[in-house]
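Shown next, in structure tokens, is the structure this report addresses.
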Amino acid sequence: MSEWVYKHNEENLLESVTAVSNSSGENKRAAILMERIAAMEIQSTNKLISHHHSAPPPPTISRRAKLLLTILNCLLVSIGDCSGPIFLRIYYLHGGRRIWLTCFLETAGFPLLLIPLSISYLHRRRSNPSAPLHHLTPRLFLASSVLGVITGLDDFLYCYGLNFLPVSTSSVLVASQLAFTAIFAFLIVRQKFTPFSVNAVALLTIGAVILALHSSGDRPAGVTVAGYWKGFVFTIGAAALCGLFWPLVELTYDKLAGRAAVTYTLVMEMQLVIGFFATGFCAVGMIVNKDFQAIQREAAEYGLGETKYYLVIIAASLFWQCFFLGAIGVIFCVNSLLSGIIIAVFIPVIEVLAFIFLHENFSSEKGVALLLSLWGLASYSYGEYREAREKKKELQRAPALSTV
């Protein structure tokens, strides 16, 4: 309606200008009318621009809510990181031999995400009846599917290694993913290196080398030297692939989802797709290896009994889902390096749990490697603390400079 009125007024003004310009001695009035037309055009353009920018901005999260969300995700990572490996090792210790099944369990809990996603959708529909079913764009879906395949491959490497290594050794080796995360974060998302992060990388590498040089007394019963070294190499490979995965997730947030608001709902949708494709990747391995047909027989022969067999694999699936959701949530709230730090910080807890529940030996070499890992973690954490403090000082200094 406003556009019709504007066009109608403009036509009347143009007719007036034509009539006035034909009259002698009224050129000044014609010029005034032309100025009025120009002013109307500017006013109409400004209205269109203001209408375009008056659309509601994407929802933002408050600082307090983000802090609470960060704490929640850190708890999820800690629960999954400490419990997932223990239950997988329990599966192996009492007669479980299906590596592809354990890979499958690491991401098979992804359908549980449909519960919070459904609640989020119903909440959006209540406030906006035309709310979309999901926030995933085709590019985000494709990126999440690729990340899912990478996750499936990483699960296979980790589970294969855990079949031959004690949990305490495997956890120290997995701690080297912090070094790989730092390197890949520098290459992919341009994360800055500091003397503290370089020191952390060096210490974690030395810890892994110490375990490699003193591996003779660490082999579980029934594991050959060749099998132990296979597990060692595969676990390091899993740590490297894990170190690549977290910066890729951060890159996906920054690049593909950068134009839209990255909400926690979007994070869960991405994890749902990642879990689906990772589980599908492992399911193909199970089909080829005929693991589905062997589950019932393996459960009947399991050392702890058939009921506890199913309880162990269900618990492992739930705890690993907590781990993955919490890890990508930490990346959403902060960055990929913090996710790597949290994974590494619970190494002592895993060592203690393995000693208590699995009765694993805690050799002096493991103690030295553990201390080096904690030293590297402390070095890296202190470097992050100093950098955050310097950024805070710069932000406080900026308003003072602007008032000068």
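One-based numbering along the chain as shown.
Using the three backbone atoms N, Cα and C, a Cβ is placed for every residue, glycine included.
Some features that TrEMBL has for this protein:
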- 67-93: transmembrane segment (TRANSMEM)
- 99-119: transmembrane segment (TRANSMEM)
- 140-158: transmembrane segment (TRANSMEM)
- 164-189: transmembrane segment (TRANSMEM)
- 196-216: transmembrane segment (TRANSMEM)
- 228-249: transmembrane segment (TRANSMEM)
- 261-289: transmembrane segment (TRANSMEM)
- 309-334: transmembrane segment (TRANSMEM)
- 341-358: transmembrane segment (TRANSMEM)
- 364-383: transmembrane segment (TRANSMEM)
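Among residues of the same chain six or more beyond the transmembrane segment (341-358), those with a C-beta under 8 A of the stretch's C-beta atoms are 74, 77-78, 81-82, 85-86, 89-90, 93, 166-168, 171-172, 174-175, 177-178, 204, 327, 330, 366, 370, 373-374, 376-377, 380-381, 384. The highest tally of CB pairs under 8 A with the transmembrane segment (309-334), across 67-93, 140-158, 261-289, 364-383, is held by 67-93.
Ranked by Cβ pairs under 8 Å to the transmembrane segment (261-289), the stretches 67-93, 140-158, 364-383 are led by 140-158. Of the candidate ranges 67-93, 140-158, 164-189, 364-383, 164-189 contributes the most Cβ pairs within a distance under 8 Å of the transmembrane segment (228-249).
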